[in-house]
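A.B. asks: If you scroll down you'll find the structure; I have some questions about it.
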Amino acid sequence: MANHFSQLAKKSKTNGNSEKIAKEQTGKPSLEIYKLGDDVLRQNSKRITKVDESIRKLTREMIQSMYAAKGIGLAAPQIGINKELLVIDVNFEDSAAEPLILINPEITDYGTTLNSYEEGCLSIPGVYLNVVRPSTIKLKFRDEMGRPRKMKADGLLARCIQHEMDHLNGILFVDRVTSKDDLKKELIKEGFHEKDVISIT
C-alpha cells in the first residue's frame, strides 16, 4: 500500500517482531514490485506450510523494499511470490515502530461500520482513489517465528491489512472503486489501462 496517509499513520499502532531495518531507505527497492497488468498480481496465493529462515529472509527483503518504495504495506504477490505473506508499517514516520509481519492471515470478524478513504498501491503508483471498507477487523495469523497470533485492528491499520490481504486473492484496490469515471481518469493519467481492472463492486 502506498504511503499517502502520513497524518493518520502517526496515530496508528502496530505490533510484531522483526530484525530492525532502517526506514529511511534510498535508491530502488531490492525486489521488483510488479505493476497493474502483470498476471502474477491476479493469482491466488498459497498458504505457507513451514515458517523457516527462508521465509524470514524474504520478509526482511520485503520490508526493505517497502521502505525503499515509501510504502506502508507490501504483499508477497507484488514481488511475484504467491505466498500468504504481508509486511505492514503504518507508522512509517516513526523510526522506533516495528513493522508487522503477517503469515497466513485470516480475518475472523469485520466491524459493521464502513468508511470510505483514499488508497494507493505500490503496484499502481500515482493512482489514489476512495475505497469503502469496514473500519475494524479481527484476524489471526502466524508471526515470523511461526507462532499463532490474534489481533484487532482499526483505522488505517485495519484498512492497510484488508488492502494487502486482497492481494493474496488476486484483488487490487482499483477493483473496489465505485466511481468509474474517476477510476478511468486516474488510470489514464498514470499510464495504466482500464481493461486490467476487474470490477467487484
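Using N, Cα and C of the backbone, Cβ positions are placed for all residues, glycine too.
According to Swiss-Prot, the protein carries these features:
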- Glu164: active site (ACT_SITE)
- Cys121, His163, His167: Fe cation binding site (BINDING)
- 1-24: region 'Disordered' (REGION)
A.B. asks: Which chain neighbours of the Fe cation site, leaving out Cys121, His163, His167, have a Cβ atom within 8 Å of the mean position of the site's Cβ atoms?
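C.D. replies: Counting only non-site residues, the set is Met1, Gly73, Ala75, Gln78, Glu119, Leu122, Ser123, Glu164, Asp166, Leu172, Phe173.
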A.B. asks: For Cys121 (Fe cation binding site), what is the secondary structure by DSSP, using just helix, strand and coil?
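C.D. replies: Once the DSSP labels are grouped into three classes, Cys121 (Fe cation binding site) ends up as coil.
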A.B. asks: Once the chains shown are all counted, how many other Cβ atoms turn up within 10 Å of the Cβ of Glu164 (active site)?
C.D. replies: 25
A.B. asks: Give the sequence-ordered list of residues that share a chain with His167 (Fe cation binding site), lie 6 or more positions from it, and have CB atoms under 8 Å from its CB.
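C.D. replies: The list for His167 (Fe cation binding site) reads Leu41, Ser45, Ala75, Ala76, Pro77, Gln78, Leu86, Ser123, given in order along the sequence.
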A.B. asks: Between Glu164 (active site) and Cys121 (Fe cation binding site), how far is it from one CA atom to the other, in Å?
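C.D. replies: About 9 Å separates the two Cα atoms.
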A.B. asks: Please work out the number of neighbouring Cβ atoms within 10 Å of the Cβ of His163 (Fe cation binding site), leaving out its own Cβ.
C.D. replies: 25
A.B. asks: Other than its own, how many Cβ atoms are within 10 Å of the Cβ belonging to Cys121 (Fe cation binding site)?
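C.D. replies: There are 29 of them.
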A.B. asks: Need the DSSP three-state call for Glu164 (active site) to compare against my parser.
C.D. replies: helix
